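**Q** I'd like to ask some things about the structure below.
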Amino acid sequence: MIMENKNNLDNPKSNLDYKLSKAHFAPFQKIQTPWYKANDVKEILNMGLPIFAQLLFNILIAIINLIAVNNFDGGHYKAPVAKAVVMYNTLQFIPSLISTGTIIVCGNLLGQGKKEELSKVILTGLLINASITGLIFALTEGFSEGLARFLESSDDVATDNSWTDTAKFNFLVKYYRLLNINLILLSFTQVFVAGLQSIKKSKHVMIGTIITDAINLVLVYTILYSRLINPVYSALTIPIAGIFQMCYMLFMCLRFIDFKINKKQQLNKIYAIETLKTGLPITIEMGVWNICNFFTSSAIGSLHDDSLFVLHRNATNIGQISSAFVQALGTVTSVFVARKVGEQDTQGAYETALNCWKVAIYGTVIVNIMMVALSWPILVLFGSRDVAWPIEVILLLIFAVKLLFDTVNMTLLRALWAVGDLWFPIIISFFTMGIGMVALPFLVVKGFNIIGGWGLILIYLVLVSDPLSHSIVYTIMWICTSTFFRTKN
């Protein structure tokens, strides 16, 4: 194993105190474990399951909220709310700019035995994240009408003559602007969460998220079904609950991380640069995915029927039951690999990523079966009936296949990021996402003019091409490390 800087190892007071340990991989030993068997499953699940439970509870609350909106006032508001949520989700990656870098930087420092430096990383990250998110928030609030028009189709089939297109559009824009306030809160919350997850306090993150979601649920039903408040203000339930979540995560950070040890020296330029350097390319990849997903939604919005957009949102919400497990394993991979890199255990980092991938595959198969089994009762609660039900089941089956390829994206790609291989995977993603999530869906709708239910199904099918293609590249990159990780002499 070859270290980056021998002088730094000999002198603990050198600039290794401020610069992150980098991974320079020598040839790896052959893994003795059979290819189908995963090691360290218990350790991976000990961190991953609380994150999964947190995400799953969050998704279940979102589904219950969606049921409330879909059934409120005869489904009057479900189409504009669905589009507003898509707009909000498109830019939800912005607060992740610093948090993704924070979790890797903190994990690396912990691997070096420097827990006292965590407060510097977190407070520096808070300042940068809030500043950047605040600017984006101001821009999106100003351009919200333009974003909303992009999801509207001039050929929409009128399903409710009592509500004019103008009134529906105005509701959509106002709902989005209120919902968008949560971006500011997330810019703080996600940095706190990253700090807690880096020190394996995911259970406390889970508890805070569950309480937050419960508050949101009570507020949504109170506003909608009391009929004393304009339904558009139900969008504020997420920011209100977000205030509690932010305060809770702050309290937990103060409890488990020593912020007094670096009093008056919390802001650190080196950590700001390292966090940005790590977080920026990751956030760009996440951002491109969200923007491409917005274009996919725009293609679905061009299928000449708002009801198909509602089917898409229903399928997406149910599909998140499975994707939550993969997301949880992505966080675990980032933390564990970064920690191994900090310990200069390159062989351990290599094997850990592969173990996380195997656990993700097996877990995703199990959760996919659960998702499909639960789809029928959930769709009934959503109000899906007649031809809508088989279409949504087909969409979920396609989603389940797609998610198996996404296990690579959420584990091995995260591992590549954790060891500093940032830009090449992102360039690959630009091509695969641009083709699979933008070009092909619009080719279905605009090129071949396939609309209606078959158009929606074909769009879902072509979306599989994105994770399929880049998963092959990422797998080769991680397994064939002699090509992609150069040993520095």
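Cβ coordinates come from backbone N, Cα and C, glycine included.
Pasting the relevant annotations from TrEMBL:
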| type | residues | note |
| --- | --- | --- |
| TRANSMEM | 51-72 | transmembrane segment |
| TRANSMEM | 92-110 | transmembrane segment |
| TRANSMEM | 122-140 | transmembrane segment |
| TRANSMEM | 175-193 | transmembrane segment |
| TRANSMEM | 205-224 | transmembrane segment |
| TRANSMEM | 236-257 | transmembrane segment |
| TRANSMEM | 359-381 | transmembrane segment |
| TRANSMEM | 387-405 | transmembrane segment |
| TRANSMEM | 417-445 | transmembrane segment |
| TRANSMEM | 457-480 | transmembrane segment |
**Q** For the transmembrane segment (205-224) and the transmembrane segment (51-72), does the number of C-beta pairs under 8 Å, pairs 6 or more apart in sequence, reach 3 or more?
**A** yes
**Q** Apart from its near flanks, which chain residues at least 6 from the ends of the transmembrane segment (175-193) lie with a Cβ under 8 angstroms of it?
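**A** Same-chain contacts beyond the flanks: 80-81, 84-85, 87-88, 91-92, 94-96, 98-99, 102, 122, 125-126, 129-130, 132-134, 136-137, 140-141, 144, 147-148, 205, 232-236, 238-239, 242-243, 245-246, 249-250, 252-253.
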**Q** State, in range form, which of 92-110, 122-140, 359-381, 417-445 has the highest count of Cβ pairs under 8 Å to the transmembrane segment (457-480).
**A** 417-445
**Q** What else in the chain is close to the transmembrane segment (387-405), if you only count residues 6 or more beyond its ends and a Cβ gap under 8 Å?
**A** 307, 311-312, 314-315, 318-319, 322-323, 326, 361, 364-365, 368, 371-372, 375-376, 379, 453, 456-457, 460-461, 463-464, 467-468, 471
**Q** Taking the transmembrane segment (417-445) as reference, which of 92-110, 122-140, 359-381 has the most Cβ pairs under 8 angstroms?
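**A** It is 92-110 that shares the most Cβ pairs under 8 Å with the transmembrane segment (417-445).
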